[in-house]
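Peer 1: Taken from Swiss-Prot, the feature region 'Disordered' covers 73-111. Under the heading compositional bias 'Low complexity', Swiss-Prot lists 77-107. The transmembrane segment annotation in Swiss-Prot covers 140-160, 176-196, 252-272, 279-299, 366-386, 400-420 and rests on sequence analysis. Look at Swiss-Prot and you will find 140-426 tagged as domain 'ABC transmembrane type-1', backed by sequence analysis. Residues or ranges marked as domain 'ABC transporter' by Swiss-Prot on the basis of sequence analysis: 460-695. According to Swiss-Prot, the ATP binding site annotation covers 493, 494, 495, 496, 497, 498, 499, 500, on the basis of sequence analysis.
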């Protein structure tokens with residue numbers, strides 16, 4: 001029962017349209033009408049069942065769907081290494097486009113899109129009709145031809161039934177042969193038509209999947225190109241949902257336009273023309289009037305129903321976000337014994353969803369009744385006209401069947417016009433959110449004059465730099481210092497003094513507000529980002545690991561490293577023996593964000609990863625803060641030997657780890673340099689550093 005709820009009405013539409021069961025063995029007008037009524041009753045039963053499931057079981061379905069969203073969101077977060085490192089005091093204010101993109105999944109209302117429909121269709125067409133892929137073009141052309149052929153064959157079915165019924169009124173000798181031939185013809189047409197439709201689906205599905213994959217990969221690539229400001233201001237899970245919904249929107253739009261809207265228009269035109277030439281203009285005019293009334297009613301009611309669907313989706317998203325937030329913070333909930341509070345809050349969101357869902361259900365019933373009323377009145381009028389023609393001798397009994405069959409033929413695709421219309425509108429919104437992401441330009445990027453870093457001795461100069469996050473307070477203020485190539489510089493200071501910001505500026509997560517940062521005389525703003533970051537190894541303060549094996553997480557520092565190199569890096573980080581004592585050794589999966597490992601183990605994996613990267617410039621941001629004193633000394637001694645002769649910048653709170661630094665810089669509030677010198681010189685100053693040192697003894 002949950003599957004119907006998740007598929008939705010358009011999914012039921014696809015199932016019904018791809019496997020019609022009417023006309024199966026009827027050989028008279030009475031059987032035909034009975035099959036018609038049975039189909040409509042079954043259709044109403046499906047829709048009513050869908051509504052009941054939505055009303056009675058949406059709590060369970062929401063939970064399963066929300067939990068699936070949580071797992072998907074967590075899996076996508078694992079793709080982003082280092083994004084959740086020490087949070088800056090940055091404002092969440094971003095550009096309008098970024099705000100729109102990151103909050104898109106909480107705004108499921110059907111609204112005007114930022115990108116024009118035509119521009120989005122052109123973008124999709126580029127992926128659907130790639131210049132260098134003739135296979136996709138052949139598949140599309142073949143699919144369209146198969147579809148049109150299936151429609152032409154389908155229109156022949158009412159004519160075959162007409163001939164069957166007419167043949168039953170002939171002499172006994174003729175009836176022995178003619179109906180058998182017509183019934184065989186009916187079977188052949190039916191089988192061929194269904195075969196064409198299924199073959200079309202098989203041929204086109206690869207094209208759609210390729211297009212969606214290419215768009216999703218392009219968007220994912222763009223997300224990794226965007227700057228840290230964007231990722232710090234995003235909503236949890238929103239990016240993965242934008243990509244997921246956008247991909248599904250493209251898939252639905254392609255299938256609905258190519259295989260529903262266009263074929264329906266073709267079929268209506270064909271049926272109207274057949275009615276005009278076979279039965280007369282009155283029948284054609286009445287059928288077109290019926291279609292017009294049906295379309296206008298469906299579109300207007302669907303627009304009216306949208307407000308209820310918007311509210312329902314909003315409550316769905318809020319309940320989903322609440323559940324994700326609660327499960328992600330599972331330990332916090334337990335620490336404060338607030339299980340009942342979390343359940344109550346989740347229940348309140350579901351109650352609001354209930355209200356919106358009931359309105360959606362009742363409005364759907366009104367839509368279904370109105371659609372049925374329009375077609376029933378039209379069907380009745382046409383049957384009266386046809387019956388009069390039979391009585392007057394102008395039409396045969398078979399023509400009565402023909403009228404019934406032709407009108408029913410065009411009622412099938414129109415049966416789901418409201419759903420298709422609404423879903424197309426929603427698909428355009430979802431695609432707009434996806435393409436808004438795809439069209440975002442990073443604030444930090446290469447320019448046309450960017451060049452690879454030409455490393456000589458690795459001298460780094462921070463020249464009179466100032467920086468603040470958006471409109472927040474000044475983080476760094478006219479800071480200047482030089483780290484000579486091969487030297488070890490340590491930076492200390494109170495929390496919020498801008499120590500970690502120096503790393504983000506050096507790595508170009510942000511650009512300085514004023515001043516410059518140079519490596520061997522080259523302004524880093526003129527260096528290609530990939531080249532710059534390739535030359536800098538980082539051990540972040542907050543170690544975030546992929547939900548993969550320990551081996552994978554260490555080898556991430558150099559994906560081309562051999563097993564021996566990975567193990568040597570682990571030995572240098574003093575974690576090799578710890579790994580071997582685990583049940584699965586290097587194949588041990590570390591869990592979401594590495595939570596199956598202790599803080600010290602995660603930090604040593606991070607150190608091993610930096611060792612494996614083997615960069616000429618190394619930046620430690622509280623690299624051993626989670627280690628005990630003994631392990632810290634062992635690792636620092638090993639790192640000192642490994643990175644001897646390399647430019648090293650260390651951020652530390654434990655001053656004992658930096659006593660041998662060539663220079664120590666003490667930052668104060670506002671990013672001002674208070675003191676600088678080596679360990680002994682700073683102790684003799686009897687200033688900030690000395691007081692910090694004495695406090696730790």
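Any Cβ shown, glycine's included, is placed from N, Cα and C.
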Peer 1: Within 8 Å of the Cβ centroid of the ATP site residues 493, 494, 495, 496, 497, 498, 499, 500, which other residues of the same chain have their Cβ?
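Peer 2: Here the non-site neighbours turn out to be 501, 667, 671.
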Peer 1: Same-chain residues six or more away whose CB lies under 8 A from the CB of residue 499 (ATP binding site)?
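Peer 2: Sequence-distant Cβ neighbours: 491, 492, 493, 621, 651, 667.
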Peer 1: Hey, which bits of the same chain come close to the transmembrane segment (366-386), Cβ under 8 Å, at least six residues off its ends?
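Peer 2: Sequence-distant neighbours of the transmembrane segment (366-386): 40, 44, 47, 279, 282-283, 286-287, 289-290, 293-294, 297-298, 301-302, 305, 395, 399-400, 403-404, 407-408, 411, 414-415, 418.
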Peer 1: Mean pLDDT for the domain 'ABC transporter' (460-695), rounded to an integer?
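Peer 2: Across the residues of the domain 'ABC transporter' (460-695) the model's pLDDT averages 87 on the 0 to 100 scale.
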Peer 1: Within a 10 Å radius of its Cβ, which of these binding-site residues (493, 496) has the fewest neighbouring Cβ atoms?
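Peer 2: Sparsest of the binding-site residues 493, 496 by Cβ contacts within 10 Å: 496.
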Peer 1: Same-chain residues six or more away whose CB lies under 8 A from the CB of residue 494 (ATP binding site)?
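Peer 2: Sequence-distant Cβ neighbours: 667, 668, 669.
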Peer 1: I want to check the contact list for residue 498 (ATP binding site): same chain, sequence separation of six or more, C-beta distance under 8 angstroms. What comes out?
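Peer 2: Counting only residues 6 or more apart in sequence, the Cβ neighbours of residue 498 (ATP binding site) under 8 Å are 467, 475, 476, 479, 667, 671.
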Peer 1: Using DSSP and three states only, what is residue 500 (ATP binding site)?
Peer 2: helix
Peer 1: Let me know the DSSP-derived helix, strand or coil state of residue 493 (ATP binding site), please.
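Peer 2: SS state of residue 493 (ATP binding site) = strand.
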Peer 1: Hey, what's the Cβ neighbour count for residue 497 (ATP binding site) at 10 Å?
Peer 2: 21
Peer 1: Count the Cβ atoms, other than its own, that fall within 10 Å of the Cβ of residue 500 (ATP binding site), considering every protein chain shown.
Peer 2: 23
Peer 1: Quick one: give me the count of other CB atoms within 10 A of the CB of residue 495 (ATP binding site).
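Peer 2: A count of 8.
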